[in-house]
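J.: First the structure, then my questions, so here it is.
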Amino acid sequence: MDEERVKRMVNRERNARKESERLLEQKSSELYEINQNLEQLVTERTEKLTTALNNANIAMKTKDDFVSNMSHEIRTPLNAIMGFVEVMQSSEYEEEAFSNYLNIINDSSETLLKIINDILDFSKLQSGQFKISPIDVNLRDKLQHVYSLFSKIATEKEVSFLINFSNDFPKLLVVDDIRITQIVSNFVSNALKFTPKNGTVSIQVLYEHERSTLILKVIDTGIGIKKEAQATIFNSFEQEDRTVTREYGGTGLGLAIAKQLVELMSGEVIFKSIPQKGSVFGFEMPLTVAIEKKQLKSNKKRNLVSFTGTILVAEDNEVNILLISIVLEQLFVSFEVVENGLLAISAVKNNNYALVLMDNQMPKMSGKDATLEIRKFNKKIPIVALSANALKTEKEEFLEVGMNDVLSKPINKTELLEILEKYK
Ligand code: ADP
């Protein structure tokens, strides 16, 4: 009997041990699985982190390259300006070289201004503050103008340069012509830059009436763009590669700005390139045809200033005062200068000016505040803002406080003449 009991006990114990061994095995295989999963998770996370880190490094490197390239781009024209001004101050140069030096200084200043405008446009586009202002415009005339501006460079480079319009191209389209010319100028300037001697650059402009769509292409027979670089060529800061940058210069912002502008105007970019053969840069954009209005005024001859009366110039910066004084003297227009907003108010109160040219950033009182004050007692006098950064949003602010127009600095004679003609 006892023996039976012992046997049963032994059996039970054996079974219990087996069960616990089975459980142990099951648990350890579960543990093994968990461990495997964990390891996989860790590997995946590490991979993700490494990719993120690499991407961040690449982004940082791209930005670094951009900043150092930008600084190079800004320094180059600036060095030319400073260098040639110094040469001219030394008066140890041949008289004949004078206009050549002036041209270099002029070209370098324009390059510098273009870079700064690009940076401003780019940051405005990034923050979504860019506004498009469509007007009724003769786009053909505007594009012909772009063409003639670039013709000189084409001739110098011995590149044949053409422009073509479709037969029934509309006289007037509703479009922001400034932005269209900016985009086309960028495409054309690149095409001429990357097309060697004896090549061809052609601007093809077509209006599809059925779809109310403008199709514009700038076609070149230049160096083209490598396949690997084609996907990123419209990204900001990107250039094909560093060798291109070294050889041709440039900030790498132009195409990024052009693409964003095209898209802001509900258009789509056209791009094709074959290395060593050439490239096509362009866009398709829905645009409506404007109805022609009868011109009321006869076409007056421009360029002759028939502006009488005295202008009040409110500006505090000495260099700007000198510059605007020279331009106004050349145009035989009489003017007086005050150096802050407060003085501008009392000058307008006590005199009878025909026009005020008003800087905004002045000591004591800004141009905008001064205008608000002037408008309380004089609603009629035309006030034209002198703006250093010519941003669209800023222009609206000037108009809101009661100014009539905006002139961008540095003062450009043609634009000033237009203003004088308008408010004479
Ligand atoms: P950048 O001011 O540097 O020219 P862009 O954004 O206008 O800046 O152009 C970026 C890059 O695209 C150029 O540096 C060049 O590598 C390439 N690229 C643009 N247009 C052309 C073209 N027509 N032919 C060949 N390469 C071009």
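Start at 1 and count along the chain as shown; that gives each residue its number.
Even glycines carry a Cβ here, placed using N, Cα and C.
TrEMBL: automatically predicted annotations, no manual curation.
Residues annotated as domain 'Histidine kinase' in TrEMBL: 69-289. What TrEMBL records for 310-424 is domain 'Response regulatory'. Taken from TrEMBL, the feature 4-aspartylphosphate applies to Asp359. Among the features that TrEMBL reports, region 'Disordered' is placed at 1-21.
Looking at the shown structure, can you explain where the listed features end up?
T.: Within the same chain, residues at least 6 positions away in sequence whose Cβ sits under 8 Å from that of Asp359 (4-aspartylphosphate) are Ala314, Glu315, Asp316, Asn317, Asn320, Gly367, Ala385, Leu386. Asp359 (4-aspartylphosphate) falls within a strand when secondary structure is assigned with DSSP.
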J.: With DSSP, how much of the domain 'Response regulatory' (310-424) is helix, how much strand and how much coil, in residues?
T.: 53 helix, 24 strand, 38 coil
J.: Could you give the number of helix, strand and coil residues in the region 'Disordered' (1-21) as assigned by DSSP?
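T.: DSSP classes over the region 'Disordered' (1-21) add up to 20 helix, 0 strand, 1 coil.
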